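Q: In case it's useful when we look at the structure, here is the feature table from Swiss-Prot:
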TRANSMEM  31-51  transmembrane segment
TRANSMEM  52-72  transmembrane segment
TRANSMEM  102-119  transmembrane segment
TRANSMEM  123-145  transmembrane segment
TRANSMEM  151-171  transmembrane segment
TRANSMEM  179-199  transmembrane segment
TRANSMEM  218-238  transmembrane segment
TRANSMEM  240-260  transmembrane segment
TRANSMEM  281-301  transmembrane segment
Amino acid sequence: MSSLVTQIDLDKINHSQSTVKDYILLMKPRVMSLVMFTGFVGMWLAPYSVHPFIAVIVLACISLGAGSAGAINMWYDRDIDSLMKRTQKRPLVRGAIEPDEALSFGLITGFFAVFFMALCVNLLASFLLLFTIFYYICIYTIWLKRRSIQNIVIGGVSGALPPVIGYAAVSNTISLESIILFLIIFIWTPPHSWALALFCNDDYKNCKVPMMPTVKGILYTKEQILIYSILLFLVSLMPFFIGMNNFIYLIIAGMLGLVFLYYSGSLFYDTPDNKQAKRLFAYSIFYLFFIFLLLSSTSTISNIS
């Protein structure tokens, strides 16, 4: 009898652990971690000090806001997620979480993220967080994603706002510095996402999402990636020229940008297995992380105390 009870208890524990893991996956933890990092850099570059406790609240609110948007995105996109190999193991597709539960979780999480940002930080940061969640869900997920080949470009606004939120949380303003942080991510998003679309082209065709390669073709997409990569190279150097970062930043950011351009150019000589597209996609993640790490470590602005 005791062994049976023990087995039942173990099953409950395993189920609870599985449920927690599924809810974490529902919030897109990889996206959350990148969003939290860029939000932190935005805070770090603001020319004011902030109490570490408030900094933790800001990062928690930004992360939960991103998780909220991710959860509602999975709720809305569960039909097409089931058609794509890349997303077939998501919690709603597997039936691990019910759609109503996912929607409720996303709405509640988003509410508390915005509420505590307003209560503990300031209204500007709270409004920007609310706008980011709204934009990702309503403008990108519901309106653009299934209708426009510019879905990633226009929809990229939401992904580029976290450092602006972080900056506003500390300074209660939007400045040229935070706008440049926004532009770096905004211009980075299309080549990053279109590189993914190149080697997931069949998936997007199956679910009829109008990504650039499926609508305009592979060659046109590669040309657009190269154009945006050139723009990214130029914008990434702006922090030095406005006195935001030092000469070390200029040198290293320039080198990172040249490598980005190399990978973008190599797409025109890609093999049928899309090896170069996969390399560009992987490098683009490293690039954004390292650029923002560089922005914080070579800053000429006094920051968090």
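Every residue, even glycine, has its Cβ placed from backbone N, Cα and C.
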Q: Under 8 Å, at least 3 Cβ pairs, sequence separation 6 or more: does that hold for the transmembrane segment (281-301) versus the transmembrane segment (179-199)?
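A: Taking Cβ pairs at least 6 residues apart, the transmembrane segment (179-199) and the transmembrane segment (281-301) are in contact, with 3 or more under 8 Å.
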Q: Same chain, outside the transmembrane segment (123-145) by at least 6, Cβ under 8 Å from its Cβ: which residues?
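A: Tertiary neighbours of the transmembrane segment (123-145) are 58, 61-62, 65, 68-69, 72-73, 76-77, 110, 113-115, 117, 151, 154-155, 157-159, 161-162, 164-165, 168-169, 172-174, 209.
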Q: Restricting to CB pairs under 8 Å, which listed stretch, 102-119, 151-171, 218-238, is in contact most with the transmembrane segment (179-199)?
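A: Counting Cβ pairs under 8 Å, the winner is 151-171.
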Q: Please work out which recorded stretch in 102-119, 151-171, 218-238 has the most C-beta pairs separated by under 8 angstroms from the transmembrane segment (31-51)?
A: 151-171
Q: Please indicate, using numbers and ranges, the residues of the same chain that are 6 or more beyond the transmembrane segment (151-171) and have a C-beta under 8 Å from a C-beta there.
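A: Non-local partners: 35-36, 38-48, 50, 54, 58-59, 62, 66, 69, 117, 121-122, 124-125, 128-129, 131-133, 135-136, 139-140, 144-145, 177-179, 181-186, 189-190, 193-194, 209-212, 292, 304.
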